[in-house]
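Right, one structure below, let's go through it.
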Amino acid sequence: MGGGGGGFPEPEDSVLFRRGTGESDDSDVWDDTALIKAYDKAVASFKHALKNGDISEASEKPKGTPKRKSAKNKSQRKNTTSPSKQWKVGDNCCAIWSEDGCIYPATIASIDFKRETCVVVYTGYGNREEQNLSDLLSPTSEVANIEQNAQENENESQISTDESENSSRSPLNKPNNIRSRAAPWNSFLPPPPHMPRSGLGPGKSGLNFSGPPPPPPPPPHFLSRWLPPFPAGPPMIPPPPPICPDSLDDADALGSMLISWYMSGYHTGYYMGFKQSQKEGRYSHFN
């Protein structure tokens, strides 16, 4: 562009922000790890509060820790607690993870008999934590906890399965009722013909219809007596018939289309002939 003051600015003048050129550029600004951890922590705290019926802050579980139910009460822990003199290094046990209060299987790595404490390594996670010997639980505690969780999960899945079956069963019972209600005539237009059960296909020369042939046209006096006059507004167009799962075959669709063409031409020809006969009757009356 020209050098006048009213010209457009150069492309570099329109840049609002360019990453990596400023002195205050900080790559940590683009790291959302802390945000993700905060969100996961908030969700875990909310779920933990719902399970226990109270509000308590739940921090991160051991690495890869699945969801486990916390111990119901302290009496359950005391019933499964073994005396401290029975524990030795390498024994399998169950310990309560201090971060979430849930029971996990662990192995005793070291024991301090003077302080009556030990260091346990959580099986499958590798986390190490110091525990009191009196707080250790027998391995059967974890088995009972897993069985209880499995039973609760099975009950929840059964409830959700029953609800989905009920919701899917209710609409399946309606097509027969819909068809029976749609049978009576709602206007002066005749009901659609029955769907043919067979039609064109490989090795077939034509259509074979199982339904009876269309009835002959009614006489004019019957038509004028029983059919109401045409409305003054636009003609009423019936809605298309519902698509049934058993009529989604190509041959059935083709047969339905040919039937509709035939019925349309049939009624159109009858109406045109009826109007022609009326017109000829008026001419003969004047002559």
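Placed from the backbone N, Cα and C atoms, the Cβ positions cover glycine too.
Here is what Swiss-Prot says about this protein:
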type     : residues : note
REGION   : 1-28     : region 'Disordered'
REGION   : 9-40     : region 'P1 (binding site for GEMIN2)'
MOD_RES  : Thr21    : phosphothreonine
MOD_RES  : Ser24    : phosphoserine
MOD_RES  : Ser27    : phosphoserine
CROSSLNK : Lys47    : SUMO2 cross-link
REGION   : 51-86    : region 'Disordered'
COMPBIAS : 64-77    : compositional bias 'Basic residues'
MOD_RES  : Thr65    : phosphothreonine
MOD_RES  : Thr80    : phosphothreonine
REGION   : 92-204   : region 'Required for interaction with RPP20/POP7'
REGION   : 149-221  : region 'Disordered'
COMPBIAS : 149-160  : compositional bias 'Low complexity'
CROSSLNK : Lys204   : SUMO2 cross-link
COMPBIAS : 211-221  : compositional bias 'Pro residues'
REGION   : 234-261  : region 'P2 (binding site for SM B)'
REGION   : 273-287  : region 'Required for interaction with SYNCRIP'
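A simple way to gauge crowding: the CB of Lys47 (SUMO2 cross-link) has 12 other CB atoms within 10 angstroms, across all the protein chains here.
This prediction places the mean pLDDT of the region 'P2 (binding site for SM B)' (234-261) at 69.
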